[in-house]
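Taking it in order: structure first as structure tokens, then the write-up.
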Amino acid sequence: MTSSTSTDPAVLVLEDGTVARGTAYGARGTTVGEIVFSTGMTGYQETLTDPSYHRQIVVMTAPHVGNTGVNDDDPESHRIWVAGYVLRDPARRTSSWRSRGDLADELAEQGVVGIAEVDTRFLTRHLRELGVMRAGIFSGDDLVRDGVERDVAELVAEVRAAPPMAGADLAREVTTAEAYTVEPRGLAEGSDPVATVVAVDLGIKTMTPVRLAERGVRVHVVPQSTTVDEVAALLPTDAPAGVFFSNGPGDPSAATAEIDLLRGVLDRRIPFFGICFGNQLLGRALGYGTYKLAYGHRGINQPVMDRTTGKVEVTAQNHGFAVDAPLDSVSTAPYDDERADDVRYGRVIVSHVGLNDQVVEGLTALDLPAFSVQYHPEAAAGPHDSAYLFDRFVDLMTTREPVTVPASALALLADGSGEKEN
Ligand SMILES: NC(=O)CC[C@H](N)C(=O)O
């Protein structure tokens, strides 16, 4: 039986000079990144392997982590992406019929530096009050040299030398090297797919194309560097087809190549659905701004209202940036001013709103077949309330018409009272 616990010292240092001492967990060494907290009580393997966490050190607010070990079914990509892992109380023994190993061993094998036995409640409150920031975890020879622990000031300097998340263009670092296809499931022998989708991999999670394939959709997952002509060449012109932009790491304001690609898609009136990073990129392609939230939303119980139906869903989220678009009115895509008449993007609404803090959680174009949400309908991990969004995308591809927004829902926005609905 392996044991996750160690007594080797490790130190977590924040860029503001805050220091937390604990024990080494996973690989020994140094890691620096942006420190963020995740409130999910389940799904640690899905969190660790979500490419959106590239260059982020994740603090788990759930105190007890590692209980079910690691298995080969739950990873959402081919590797662990978090830059570091911060825990309160690691499981001393793993116990699950699916487990094939111990979480600490897995982190060590993949070279991911972690720290355990840290006061994660204090850390989370600190980040909630001051906002996320850069941090580093130091252990092993990188912490103790010739029997002496390194000076904290030296460690803080190392943290402050790390690049900030704002301005980071990272999707190209996590995207697939080669295109691949996820075939539709459950179709009768010989029947055509319900639709064909090109999914641009900006950090896609494994379950996302699967959710489309479960609806009979064929999904071509392509690298971030794919051009709009290459995208169009993969799509049938005489059958339902669309483009999907995935979640992904980094700052949407730095994703110039992706925004250009998306404008090419919108100009051709190809039905579009984006999630998370994809929502931020739709926002930017339409001409809205994005901004960095103080501490973001990361967890699996974030309430959101779909204003097109008035329904509230509980969602899985992982984002540090958000779209800046008018919450309570129908607006015209700001980028329209620079466009020829035949490629105007037209009217847009904030179709989904976060109920904790009124952050934009989704956009719907009224004159284009395009919509997006800031969260994770693939629900890996998380509740399945948002599965309807994949059906909405299939409808969009079938009709090639904008999402139908009932007049009653639009009226609430037109008179500026959308927020009162909450
Ligand atoms: N999960 C995501 O796609 C995250 C998007 C973006 N990197 C953010 O932090 O907001």
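Sequential numbering from 1, following the chain as shown.
Cβ from N, Cα, C; glycine included.
Just so you know, TrEMBL annotations never went through curation; they're auto-generated.
Annotation comment: TrEMBL describes 1-184 as region 'CPSase'.
The annotation domain 'Carbamoyl-phosphate synthase small subunit N-terminal' is assigned in TrEMBL to 8-138.
DSSP assigns Gln280 (L-glutamine binding site) to a helix. Listed in sequence order, Pro252, Thr290, His319, Phe321, Ala322, Val323, Gln374 are the same-chain residues six or more apart from Gln280 (L-glutamine binding site) with CB atoms under 8 A from its CB. According to TrEMBL, the L-glutamine binding site annotation covers Ser52, Gly248, Gly250, Phe277, Gln280, Asn318, Gly320, Phe321.
Within the same chain, the residues at least 6 positions away from Cys276 (active site, nucleophile) whose Cβ sits under 8 Å from its Cβ are Ser52, Ser246, Asn247, Gly248, Asn318, His319, Val373, Gln374, Tyr375, His376, listed in sequence order. What TrEMBL lists as active site, nucleophile is Cys276.
Residues or ranges marked as active site by TrEMBL: His376 (among others). In the three-state DSSP scheme, His376 (active site) is classed as coil.
In the structure as shown, the Cβ atom of Glu378 (active site) sits within 10 Å of 28 other Cβ atoms. Residues or ranges marked as active site by TrEMBL: Glu378 (among others).
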Distance-selected recorded positions near ligand 1 (C-beta under 6 Å), from Ser52, Gly248, His376, Glu378: Ser52, Gly248
Longest CA-CA distance among Ser52, Gly248, Gly250, Phe277, Gln280, Asn318, Gly320, Phe321, per record bound to L-glutamine, angstrom: 13
The one of Phe277, Phe321 whose CB sees the fewest other CB atoms within 10 Å, among these binding-site residues: Phe321
Rounded Cα separation (Å) that holds between Gly250 (L-glutamine binding site) and Glu378 (active site): 20
